[in-house]
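Worksheet: one structure, shown below.
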Amino acid sequence: MDDPYHNNTDYPPQDEDAASDATEGADEDDQMYEGEYQGIPHPDEIKEARRAARVEARRKARMAAQQEEEEESLPEQYETIMEDCGHGRFQWMLFFVLGLALMADGVDGFMVGFVLPSAEKDMCISNADKGLLGLLVYVAMMVGALVWGGLCDKMGRRKCLIYVLTIDLVFSFLSCFAQGYGFFLFLRFCSGFGIGGSIPIVYTYFTEFLQMDKRGEHLSWLCMFWMFGGLYASFTAWGIIPHYGWGFAIGTHLQMHSWRLFILVCLFPALAALIGLVFMPESPRFLLENARHDEAWMILRQVHDTNWKAKGEPERVFTVTNIKTPQTQEDEFIEIQSETGTAFQRWTVRKMTMLQQVMANIMSLSAPELRLQGLLLVIVWFCLAFSYHGLGVWFPDMIKYMQYEEYESKVRIFHRERVERFHFNFSLVNQIHREGEYIHDKFANIEIKSVKFESSLFENCYFEDIKSTNTFFENCTIKNTVFYNTDLWQDKFKNCRMENATFLHPKKGCHLNFQEENDIVIYMVSFLGSLAVLPGNIISALFMDKIGRIRIIGGSMLASSACTFLLLLSFSQGAVICWQCLFYGVSVAAWNGLEVISVELYPSSKRGTAFGILNGICKFAAIIASSIFAAFIGITKIIPIFLAFAALVCGGMVALKLPETREKILS
């Protein structure tokens, strides 16, 4: 029978022996694996995958070890380079520029206390809204420290400091002309958000230009500029606000008073720092951490040549040719090519990537090797800030309370007096008139200060050109009386009965009395308190590298706790001022040591972030302490003193557990 498929094949006939010969020598591996139909991998494929995984793991381990070696060698190499560059003209120029930035932060901190009385009175702020300015400024500084501290580790120290000072200058300048209290608060909040980032950036920036044996001393000298900020603010406030209580109007809505000029004058340190910063380079350590080798090399050469030329050795050559830099793939921004997105999309991706990196940097601070020292630093920062800022509020408020008590003890009380057809042409000061009768009397061209009329009768009286301060009429009856060109208006009369009373050309609103609102004692307290830290600054700078940071911090805090007990002996304004100066002079050494150790404990890639968090905790402690300590004014001084003592002792004991960084190379 013929094969029906024979015509469709071209293969020659093959016998059975030939077929068996073709398969006789075949390898078993060439045969089809039965499990392949069931989706089961071949054993050899599993072995190959495991072998490839081991090779990849070894490759990654070698890369990690190489990167770790490079990262470990960078700090030693960088320290050697800074020693070769020396300490000279360049560091001193940077010292004064960054000092002015630190001074600007100090000025902002003191300025709030001087502006508050005048600003709140000038803008007719109710008692319920008073104090918002001080609170919001500290909140803004706290947020600014957290944000800018993290950003300076990703954007650069110099760039972020320029942003910080620019924000402070712009919004502080605008606040000089703000007429509404809400808008003024907003502008001061924005200004505080800017300047709040200056402290973390300044210390991080300057540290990375110093060699190990110069760090403690020169960072302590830098701390003195915060003191200069307090002196500058106190002196200019005393010279401008009370002595030149003038004002003028631009149109009908823009009112300018001397306290606004004071804010303008306070901008000079920030402006000078910003101008100087334009001529300063970026931190080479930051550039190396971000694999920008060539830029860092040029800056280090600039530092080297500037210093040795100033020392009379211009022939010395910068011999460094290669600096090891760590691999920083995670620091590379994600770029969108021009053909795949708009400029706004590329900008958005960059900023979102940077934000993710900042958050990752913050989370990395909880790593096991950083967790313990971070917790100890948080406790020390909080305890020192709580006691320092709490007593900083308590001292001036206690002096004001003592002044008030003394003033109240001299009040003159008049009971059921009857005055008829009398011309009052002399000022009435610190008096209480109860159930009096004033018939056909004239009050003209006088000042009525701290006077209260209770349940009194005014009939057919005439008030003209009256300037009043803290003066009120309570439960009074006023008949057929004329008020002409006075500031006696509705808020001055409480539960009073008016019968045919006439108000002509009243001075509505609030009116500043600079002698009343700005007591010279308050300026003197701030000035002396700032000046008192000078000896402590000098001593801490001279001994920071000799006895170590830990002894400075612990010893200063424990000595400050002993000083708080002397406050129990403060029975007069002079005693309060004396103990205040002593406390500030002793505690400033702890601040200097704490700021030095905070920048030395953390690696360069996390230094600004960590310092920003610690400084934010400092501002948070200041907010809490201000409200707690102020609440006990006039009630008891034992509780505030005990709280300050307990915080200082706790912080001082914890500080002794911190690692010493005197001979630590910046990691």
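Even glycines carry a Cβ here, placed using N, Cα and C.
These features come from TrEMBL:
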| type | residues | note |
| --- | --- | --- |
| REGION | 1-53 | region 'Disordered' |
| COMPBIAS | 1-11 | compositional bias 'Polar residues' |
| COMPBIAS | 13-33 | compositional bias 'Acidic residues' |
| COMPBIAS | 42-53 | compositional bias 'Basic and acidic residues' |
| TRANSMEM | 92-119 | transmembrane segment |
| DOMAIN | 94-662 | domain 'Major facilitator superfamily (MFS) profile' |
| TRANSMEM | 131-148 | transmembrane segment |
| TRANSMEM | 160-180 | transmembrane segment |
| TRANSMEM | 186-206 | transmembrane segment |
| TRANSMEM | 218-241 | transmembrane segment |
| TRANSMEM | 261-280 | transmembrane segment |
| TRANSMEM | 374-395 | transmembrane segment |
| TRANSMEM | 520-543 | transmembrane segment |
| TRANSMEM | 550-571 | transmembrane segment |
| TRANSMEM | 577-597 | transmembrane segment |
| TRANSMEM | 609-632 | transmembrane segment |
| TRANSMEM | 638-658 | transmembrane segment |
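Among residues of the same chain six or more beyond the transmembrane segment (186-206), those with a C-beta under 8 A of the stretch's C-beta atoms are 94-95, 98, 101-102, 104-105, 108, 112, 133, 136-145, 147-149, 151-152, 157-158, 160-161, 163-168, 171-172, 174-175, 178, 218-219, 222, 270, 283, 595, 598-599, 607-608, 611-612, 615, 619. For the domain 'Major facilitator superfamily (MFS) profile' (94-662), the model's average pLDDT works out to 83. At the 8 Å Cβ threshold, with sequence separation of at least 6, the transmembrane segment (131-148) lacks contact with the transmembrane segment (261-280), having fewer than 3 such pairs. With a threshold of 8 Å between CB atoms, the same-chain residues lying at least 6 positions outside the transmembrane segment (609-632) that come near it are 134-135, 138-139, 141-143, 145-150, 152-153, 196-197, 199-200, 203-204, 358, 361-362, 365, 374, 377-378, 381-387, 389-391, 393-394, 397, 598-599, 601-602, 639-640, 643. The stretch in closest packing with the transmembrane segment (218-241), judged by the count of Cβ pairs under 8 Å and taken from 160-180, 261-280, 520-543, 577-597, is 520-543. For the transmembrane segment (577-597), the most Cβ-contacting stretch among 160-180, 261-280, 374-395, 550-571 is 550-571 (pairs under 8 Å). Annotation: stretch 261-280 has the most Cβ pairs under 8 Å to the transmembrane segment (160-180), among 261-280, 374-395, 520-543, 550-571. Same-chain neighbours of the transmembrane segment (374-395): 365-366, 525, 529, 553, 557, 560, 564, 567, 576-577, 580, 583, 587, 590-591, 594, 597-598, 601, 610, 614-615, 617-622, 624-626, 628-630, 633, 637, 640, 643-645, 647-648, 650-651, 654-655, 657-658, counting only residues six or more beyond its ends whose CB sits under 8 Å from a CB of the stretch. With a threshold of 8 Å between CB atoms, the same-chain residues lying at least 6 positions outside the transmembrane segment (520-543) that come near it are 110, 113-114, 217-218, 220-221, 223-224, 227, 230-231, 233-235, 237-238, 242, 392, 395-396, 399-400, 403, 552, 556, 573, 577, 580-582, 584-589, 592-593.
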